[in-house]
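J.: Positions annotated as compositional bias 'Basic and acidic residues' by Swiss-Prot: 55-79, 110-124, 131-177. What Swiss-Prot records for 92-109, 205-220, 227-238 is compositional bias 'Polar residues'. As annotated by Swiss-Prot, N-linked glycosylation site applies to N75, N107, N163, N178, N244, N363. Positions annotated as region 'Disordered' by Swiss-Prot: 44-238. Residues or ranges marked as topological domain 'Cytoplasmic' in Swiss-Prot: 1-17. The annotation topological domain 'Lumenal' is assigned in Swiss-Prot to 39-770 on the grounds of sequence analysis. For 18-38, the entry in Swiss-Prot reads transmembrane segment.
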Amino acid sequence: MAMGKYSRVDGKKSSSYGLTITIVLLLSLCLVGTWMFMSSWSAPADSAGYSSTDTAKDVSKNDLRKEEGDRDPKNFSDEKNEENEAATENNQVKTDSENSAEGNQVNESSGEKTEAGEERKESDDNNGDGDGEKEKNVKEVGSESDETTQKEKTQLEESTEENKSEDGNGNEEKAEENASETEESTEKSSKEVFPAGDQAEITKESSTGDGAWSTQLVESQNEKKAQQSSISKDQSSYGWKTCNVTAGPDYIPCLDNWQAIKKLHTTMHYEHRERHCPEESPHCLVSLPDGYKRSIKWPKSREKIWYNNVPHTKLAEIKGHQNWVKMSGEHLTFPGGGTQFKNGALHYIDFIQQSHPAIAWGNRTRVILDVGCGVASFGGYLFERDVLALSFAPKDEHEAQVQFALERGIPAMLNVMGTKRLPFPGSVFDLIHCARCRVPWHIEGGKLLLELNRALRPGGFFVWSATPVYRKNEEDSGIWKAMSELTKAMCWKLVTIKKDKLNEVGAAIYQKPTSNKCYNKRPQNEPPLCKDSDDQNAAWNVPLEACMHKVTEDSSKRGAVWPNMWPERVETAPEWLDSQEGVYGKPAPEDFTADQEKWKTIVSKAYLNDMGIDWSNVRNVMDMRAVYGGFAAALKDLKLWVMNVVPVDAPDTLPIIYERGLFGIYHDWCESFNTYPRTYDLLHADHLFSTLRKRCNLVSVMAEIDRILRPQGTFIIRDDMETLGEVEKMVKSMKWKVKMTQSKDNEGLLSIEKSWWRPEETETIKSAIA
């Protein structure tokens, strides 16, 4: 019965045998054809014997790579060709051995298989003999595809070399001397740039099935082909143009919005010097002054700068007799004087110290605010006493005074004491200085002096060096009387009044109280105390109020205890952090320490040695997302200064930065920064752009970075790979140089040098036409 049964089955099979064979062959051909198509795109690396780790390395080094022209062509190309030849031979041996096997035998491969490859193999096994030849043909196609990929890579290297030789002013060639050295150090520095894992982990990628998703290899090949169409295509896609504005090369979008300024009802409180950002941030690039040169290095820049970089002579004509600034051939020179210190800033600095030794420059007093700074010689020479002075003044009050300061390499920013709070937290400055700063402190209930009181640390000093202190004419005497009444009502203690006989000036030194006793004993509540709901740290676009915040007396809260002496304070976590949770989720002291150690490692072992940066050319630095200020702290021993920026939508860690003896500012990166073009030598952005892309136009952000970064300046960005890819396209479209790349998992780093290139086509910004 059994035999008969099987006979009936065999009979049925015979009757439909031809149809079955046809269907099987068609399915086999479809599967083989599909596999051939996929392997021509996604299989070369695996076919050639690469592991998935090798594939990931190829992707990371090409998607986020250093400029190819900086590599050693022989080492790169020859090594790849040798690997491909060896892999092709290996494939041929494997194919021959597979052809001798039985049709139902499961073939084993030394390389990893994709799911698509395994699916094809199972189908081939079921088809029996004869499919080995098909498999051989498929592998030969894969080898040809791999050779094609290698040719594409060589063409891309040649194309990149051609693009790198283009430069608007011819100055780009200087930076290429260090490029090859930078590439050699890329692999070496990976552990320091990403200290949490070793080198193998940086490029580790598991081999997974492609499914419906595009692989990294396909994406990288497509990107290579797109880049081969030349940088000019990217330029047209981003449409860069040079800004046509009244301010020309000095354009500051939020301070040169003439449409908004003309609509102001009054300028009594310097409203025209405050921020009025255009509705849409500009996408254009600011022009360079004729004859602009790379800035003179510090400390020579403190004494002289190139005239063509800041071509303004009005201040030299007005203040030349006070030793502010003088013309000297192709330079502007700064003798180190000022309105209050004609005989030099250092003498004046020592005069203040001698007037009240408790100030203790560079020890107790580390971070100060200089109001109405002139050309900032006071702040420039305080570096000799290990003091950081952040100077500010309004735009054009004296022609380009802040621009002079920044070109000299002295910390300064544009701001005005008008209708809004200064962009600093409360109780952060150790000392505030005003030398003939022309601010009417005593009017309108002392509103402006009360703003200084907000920013001044309890126990901090206010040094007022102005004519009412040492002159007795009717006007000055009236101001002195009003100031005396106001400061007494504010409970400020007049510590001393001293006269400098050499400069024939004087200074009054006041101290802010460290408790609320005096406030509670005042016969009248004038100036009034602020409401308990008023946050003294709220400073972004907050209107000024004529009130005083109570002093914190709880020792577990910030402001109750003076920070450690400098330099101990820079590495010591503030005691008041104990009750808070850190930015990264750990207890704040642990967060603080971990952040500090991380940046110490990255800066000392990677940034300083392996990034190809000439740090002797770096003076003005900005950390665009500072968190705890660890990056700035790691650079404290270098002859530079760092502007730490805490974005307005980030955790408010700026008070911690000040507590460390560093300084910074709040800012919204969807808007323009309050500084002149070409301010900074180096910009650092750690995971900033991936947060900005949610609410800002990244093209506008890059235009702003181009505006404030000097030609040949460095931009270091750390972020996720998607964001870095977008930024890399933008900077290349502006002809910037990607000097170094690094990646680990989905995180990466780019070190980029700004070019001198400016677009020929212009764009008129209507809001910036006076």
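Cβ coordinates come from backbone N, Cα and C, glycine included.
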J.: Rounded to a whole angstrom, what is the C-alpha distance between N363 (N-linked glycosylation site) and N244 (N-linked glycosylation site)?
T.: 48
J.: When neighbour density is defined as the number of other C-beta atoms within 10 angstroms of a residue's C-beta, which of the glycosylation sites N244, N363 has the lowest density?
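T.: Taking N244, N363 as the glycosylation sites, the minimal 10 Å Cβ count falls on N363.
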J.: The topological domain 'Cytoplasmic' (1-17): mean pLDDT?
T.: 40
